[in-house]
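Okay, so here's the structure we're looking at.
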Amino acid sequence: MTRKLVLLRHGQSQWNLDNRFTGWVDVELTDQGRQEAVAAGRLMKDEGLQFDVAHTSVLKRAIHTLQGALKELDQDWLPVSKSWRLNERHYGGLQGLDKAETAAKHGEEQVKIWRRSYDIPPPAMDVNDPGHPCHDRRYATLDRNALPGTESLATTLVRVLPYWHDAIAPQLKAGQTVLVTAHGNSLRALYKYLNDVSNEQILELNIPTGIPLLFELDDSLQVRSFRYLGDPEAAKRAAEAVANQGKAK
(Lines of atoms letter the chains of each structure in order from A; the text may use other names.)
(Lines give C-alpha, C1' and ligand atoms only; values in the text may rest on other atoms or scores of the structure.)
Protein backbone atom coordinates (compact mmCIF):
# COMPACT_ATOMS: atom_id res chain seq x y z
CA MET A 1 0.00 0.00 0.00
CA THR A 2 1.33 3.44 -0.93
CA ARG A 3 1.34 6.03 1.84
CA LYS A 4 1.04 9.68 0.84
CA LEU A 5 2.68 12.58 2.66
CA VAL A 6 2.68 16.21 1.56
CA LEU A 7 5.19 18.73 2.90
CA LEU A 8 4.16 22.35 2.36
CA ARG A 9 6.25 25.37 3.26
CA HIS A 10 4.16 28.35 4.36
CA GLY A 11 3.38 31.07 1.84
CA GLN A 12 5.43 34.24 1.61
CA SER A 13 5.63 36.02 4.96
CA GLN A 14 6.21 39.71 5.55
CA TRP A 15 9.81 39.02 6.53
CA ASN A 16 10.33 36.79 3.47
CA LEU A 17 9.31 39.86 1.47
CA ASP A 18 11.59 42.10 3.54
CA ASN A 19 14.44 39.53 3.18
CA ARG A 20 14.91 39.27 6.94
CA PHE A 21 15.91 36.28 9.07
CA THR A 22 12.68 35.16 10.71
CA GLY A 23 13.21 31.99 12.73
CA TRP A 24 10.77 31.79 15.65
CA VAL A 25 9.50 35.37 15.26
CA ASP A 26 5.75 35.12 14.63
CA VAL A 27 5.20 37.18 11.48
CA GLU A 28 2.11 37.26 9.26
CA LEU A 29 1.67 36.21 5.64
CA THR A 30 1.67 38.81 2.89
CA ASP A 31 -1.18 39.03 0.40
CA GLN A 32 0.99 36.99 -1.95
CA GLY A 33 1.52 34.43 0.80
CA ARG A 34 -2.22 34.05 1.28
CA GLN A 35 -2.61 33.62 -2.48
CA GLU A 36 0.12 30.96 -2.42
CA ALA A 37 -1.80 29.07 0.27
CA VAL A 38 -4.92 29.02 -1.91
CA ALA A 39 -2.88 28.02 -4.96
CA ALA A 40 -1.31 25.17 -2.96
CA GLY A 41 -4.78 23.97 -2.01
CA ARG A 42 -5.79 24.07 -5.67
CA LEU A 43 -2.76 22.01 -6.71
CA MET A 44 -3.56 19.40 -4.07
CA LYS A 45 -7.23 19.37 -5.14
CA ASP A 46 -6.19 18.86 -8.77
CA GLU A 47 -4.03 15.94 -7.60
CA GLY A 48 -7.13 14.42 -5.98
CA LEU A 49 -5.58 14.33 -2.51
CA GLN A 50 -7.93 13.46 0.33
CA PHE A 51 -6.18 14.06 3.64
CA ASP A 52 -7.00 12.38 6.92
CA VAL A 53 -5.01 14.64 9.23
CA ALA A 54 -2.80 17.73 9.14
CA HIS A 55 0.10 19.01 11.22
CA THR A 56 1.62 22.46 11.57
CA SER A 57 3.80 24.58 13.84
CA VAL A 58 2.71 27.11 16.46
CA LEU A 59 3.68 30.04 14.19
CA LYS A 60 0.85 31.80 12.38
CA ARG A 61 2.46 31.97 8.95
CA ALA A 62 2.29 28.16 8.81
CA ILE A 63 -1.09 27.96 10.56
CA HIS A 64 -2.70 30.48 8.19
CA THR A 65 -1.17 28.76 5.15
CA LEU A 66 -2.69 25.47 6.27
CA GLN A 67 -6.06 27.12 6.84
CA GLY A 68 -6.02 28.71 3.37
CA ALA A 69 -5.04 25.47 1.67
CA LEU A 70 -7.64 23.40 3.54
CA LYS A 71 -10.37 25.90 2.69
CA GLU A 72 -9.51 25.62 -1.01
CA LEU A 73 -9.51 21.83 -0.65
CA ASP A 74 -12.90 21.97 1.12
CA GLN A 75 -11.27 19.98 3.91
CA ASP A 76 -11.50 22.62 6.66
CA TRP A 77 -12.88 19.97 9.02
CA LEU A 78 -9.63 17.99 9.16
CA PRO A 79 -8.12 17.41 12.60
CA VAL A 80 -5.04 19.62 12.95
CA SER A 81 -2.20 19.11 15.41
CA LYS A 82 0.11 22.03 16.21
CA SER A 83 3.58 21.52 17.65
CA TRP A 84 6.54 23.73 18.46
CA ARG A 85 8.70 20.89 17.14
CA LEU A 86 7.65 21.87 13.60
CA ASN A 87 8.73 25.51 14.10
CA GLU A 88 11.28 27.10 11.82
CA ARG A 89 14.91 26.75 12.78
CA HIS A 90 15.83 29.32 15.44
CA TYR A 91 18.21 31.82 13.84
CA GLY A 92 19.58 33.15 17.12
CA GLY A 93 21.07 36.62 17.01
CA LEU A 94 20.35 36.89 13.27
CA GLN A 95 16.58 37.02 13.76
CA GLY A 96 15.20 40.27 12.41
CA LEU A 97 18.34 41.16 10.44
CA ASP A 98 18.27 41.89 6.71
CA LYS A 99 19.89 38.96 4.85
CA ALA A 100 21.53 41.05 2.14
CA GLU A 101 22.94 43.54 4.66
CA THR A 102 24.22 40.66 6.79
CA ALA A 103 25.89 39.19 3.68
CA ALA A 104 27.50 42.54 2.88
CA LYS A 105 28.83 42.76 6.45
CA HIS A 106 29.97 39.16 7.03
CA GLY A 107 30.37 37.88 3.46
CA GLU A 108 28.02 35.78 1.34
CA GLU A 109 29.90 32.57 2.13
CA GLN A 110 29.51 33.06 5.89
CA VAL A 111 25.79 33.79 5.51
CA LYS A 112 25.40 30.73 3.29
CA ILE A 113 27.05 28.63 6.01
CA TRP A 114 24.72 30.07 8.66
CA ARG A 115 21.66 29.57 6.43
CA ARG A 116 22.38 26.29 4.70
CA SER A 117 25.13 24.33 6.49
CA TYR A 118 24.18 21.25 8.45
CA ASP A 119 25.81 21.69 11.83
CA ILE A 120 26.96 25.32 12.21
CA PRO A 121 24.50 27.54 14.13
CA PRO A 122 24.36 31.34 13.94
CA PRO A 123 25.41 33.37 17.00
CA ALA A 124 23.08 32.59 19.91
CA MET A 125 20.36 34.86 21.26
CA ASP A 126 20.92 35.72 24.92
CA VAL A 127 18.41 34.13 27.29
CA ASN A 128 17.66 37.59 28.69
CA ASP A 129 16.68 38.90 25.25
CA PRO A 130 12.91 39.60 25.25
CA GLY A 131 12.72 37.69 21.96
CA HIS A 132 14.04 34.45 23.48
CA PRO A 133 11.31 31.77 23.42
CA CYS A 134 11.55 31.25 27.17
CA HIS A 135 9.65 34.57 27.49
CA ASP A 136 6.85 33.52 25.10
CA ARG A 137 3.74 32.10 26.79
CA ARG A 138 3.10 29.60 23.98
CA TYR A 139 6.15 27.70 25.26
CA ALA A 140 5.37 28.14 28.96
CA THR A 141 4.73 24.43 29.59
CA LEU A 142 8.06 23.36 28.08
CA ASP A 143 11.34 22.85 29.87
CA ARG A 144 13.15 26.18 29.67
CA ASN A 145 16.39 24.33 28.90
CA ALA A 146 14.79 22.67 25.86
CA LEU A 147 14.08 26.02 24.21
CA PRO A 148 16.80 27.07 21.77
CA GLY A 149 18.65 30.36 21.59
CA THR A 150 20.01 29.29 18.21
CA GLU A 151 19.92 26.17 16.05
CA SER A 152 21.76 24.50 13.22
CA LEU A 153 19.92 22.24 10.82
CA ALA A 154 21.36 19.30 12.78
CA THR A 155 19.77 20.46 16.04
CA THR A 156 16.56 21.33 14.18
CA LEU A 157 16.44 17.72 12.98
CA VAL A 158 16.95 16.49 16.55
CA ARG A 159 13.96 18.65 17.56
CA VAL A 160 11.72 17.59 14.67
CA LEU A 161 12.35 13.83 14.65
CA PRO A 162 10.55 12.95 17.91
CA TYR A 163 7.40 14.50 16.46
CA TRP A 164 7.87 12.53 13.25
CA HIS A 165 8.26 9.25 15.13
CA ASP A 166 5.54 9.88 17.74
CA ALA A 167 2.86 11.67 15.70
CA ILE A 168 3.30 11.58 11.93
CA ALA A 169 4.86 8.19 11.18
CA PRO A 170 2.22 6.17 13.11
CA GLN A 171 -0.55 7.87 11.12
CA LEU A 172 1.17 7.08 7.82
CA LYS A 173 1.70 3.46 8.87
CA ALA A 174 -2.01 3.28 9.69
CA GLY A 175 -2.75 4.20 6.08
CA GLN A 176 -3.66 7.83 6.62
CA THR A 177 -2.79 10.56 4.10
CA VAL A 178 -0.94 13.33 5.94
CA LEU A 179 -0.34 17.04 5.25
CA VAL A 180 2.48 18.82 7.09
CA THR A 181 2.55 22.60 6.71
CA ALA A 182 5.67 24.06 8.28
CA HIS A 183 8.85 26.00 7.48
CA GLY A 184 11.85 25.96 5.18
CA ASN A 185 14.27 24.40 7.65
CA SER A 186 11.98 22.11 9.63
CA LEU A 187 10.93 20.70 6.23
CA ARG A 188 14.56 20.51 5.05
CA ALA A 189 15.22 18.43 8.16
CA LEU A 190 12.37 16.04 7.32
CA TYR A 191 13.48 15.91 3.67
CA LYS A 192 17.03 15.01 4.75
CA TYR A 193 15.74 12.25 7.01
CA LEU A 194 13.30 10.77 4.49
CA ASN A 195 15.73 10.84 1.55
CA ASP A 196 18.89 10.10 3.55
CA VAL A 197 20.54 13.21 2.13
CA SER A 198 24.18 13.74 3.08
CA ASN A 199 25.30 16.62 5.27
CA GLU A 200 27.04 18.12 2.23
CA GLN A 201 24.14 17.75 -0.20
CA ILE A 202 21.64 19.37 2.17
CA LEU A 203 23.61 22.64 1.84
CA GLU A 204 22.17 23.07 -1.67
CA LEU A 205 18.54 22.21 -0.88
CA ASN A 206 16.12 25.14 -0.94
CA ILE A 207 12.39 24.62 -0.41
CA PRO A 208 10.11 27.18 -2.11
CA THR A 209 7.12 28.76 -0.39
CA GLY A 210 3.63 27.52 -1.11
CA ILE A 211 4.38 24.60 -3.45
CA PRO A 212 3.26 21.17 -2.17
CA LEU A 213 5.91 18.43 -2.16
CA LEU A 214 4.25 15.01 -2.49
CA PHE A 215 6.00 11.91 -1.14
CA GLU A 216 4.83 8.39 -1.87
CA LEU A 217 6.10 5.94 0.75
CA ASP A 218 6.00 2.17 1.11
CA ASP A 219 4.71 0.25 4.15
CA SER A 220 7.98 0.80 6.03
CA LEU A 221 7.90 4.52 5.09
CA GLN A 222 10.77 4.25 2.65
CA VAL A 223 10.48 6.81 -0.14
CA ARG A 224 9.19 5.44 -3.44
CA SER A 225 8.95 8.80 -5.17
CA PHE A 226 8.63 12.52 -4.49
CA ARG A 227 7.79 15.53 -6.64
CA TYR A 228 6.53 19.08 -6.44
CA LEU A 229 2.95 19.47 -7.62
CA GLY A 230 2.30 21.75 -10.58
CA ASP A 231 4.91 23.08 -12.98
CA PRO A 232 8.40 21.65 -12.20
CA GLU A 233 10.09 24.69 -13.75
CA ALA A 234 8.08 27.03 -11.52
CA ALA A 235 9.21 25.06 -8.45
CA LYS A 236 12.82 25.22 -9.66
CA ARG A 237 12.66 28.99 -10.16
CA ALA A 238 11.07 29.47 -6.74
CA ALA A 239 13.80 27.38 -5.07
CA GLU A 240 16.48 29.44 -6.84
CA ALA A 241 14.86 32.61 -5.52
CA VAL A 242 15.16 31.22 -1.98
CA ALA A 243 18.85 30.49 -2.57
CA ASN A 244 19.46 34.08 -3.71
CA GLN A 245 18.06 35.61 -0.52
CA GLY A 246 21.40 35.34 1.25
CA LYS A 247 23.39 37.28 -1.33
CA ALA A 248 24.60 40.84 -0.94
CA LYS A 249 22.91 43.48 -3.07
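A Cβ is built for glycine as well, from the same backbone N, Cα and C atoms used for every other residue.
What Swiss-Prot says about this one:
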type	residues	note
ACT_SITE	His10	active site, tele-phosphohistidine intermediate
ACT_SITE	Glu88	active site, proton donor/acceptor
BINDING	9-16, 22-23, Arg61, 88-91, Lys99, 115-116, 184-185	substrate binding site
SITE	His183	site 'Transition state stabilizer'
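Locations of recorded Swiss-Prot features on the structure.
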residue : record                                          : CB count, 10 Å
Arg9    : substrate binding site                          : 30
His10   : active site, tele-phosphohistidine intermediate : 31
Gln12   : substrate binding site                          : 22
Trp15   : substrate binding site                          : 20
Gly23   : substrate binding site                          : 26
Glu88   : active site, proton donor/acceptor              : 26
Arg89   : substrate binding site                          : 28
Lys99   : substrate binding site                          : 23
His183  : site 'Transition state stabilizer'              : 27
Gly184  : substrate binding site                          : 20
Of His10, Glu88, His183, which is closest to Gly23 (substrate binding site) if I measure between C-alpha atoms? They're all recorded positions.
Glu88
What's the CA to CA span in angstrom from the residue listed as 'active site, tele-phosphohistidine intermediate' over to Arg89 (substrate binding site)?
14
From the Cα of His183 (site 'Transition state stabilizer') across to the Cα of Gln12 (substrate binding site), what is the distance in angstrom?
11
His183 (site 'Transition state stabilizer') and Trp15 (substrate binding site), distance between Cα atoms, whole Å
13
In Å, rounded, how far does the Cα of Arg9 (substrate binding site) sit from the Cα of His183 (site 'Transition state stabilizer')?
5
Near Glu88 (active site, proton donor/acceptor) in space, meaning Cα within 10 angstroms, which of the recorded positions do we find among Lys99, His183, Gly184?
His183, Gly184
Rounded to an integer, what is the Cα-Cα distance in Å between Arg89 (substrate binding site) and His183 (site 'Transition state stabilizer')?
8
Could you state the CA-to-CA distance between Lys99 (substrate binding site) and His183 (site 'Transition state stabilizer') to the nearest Å?
17
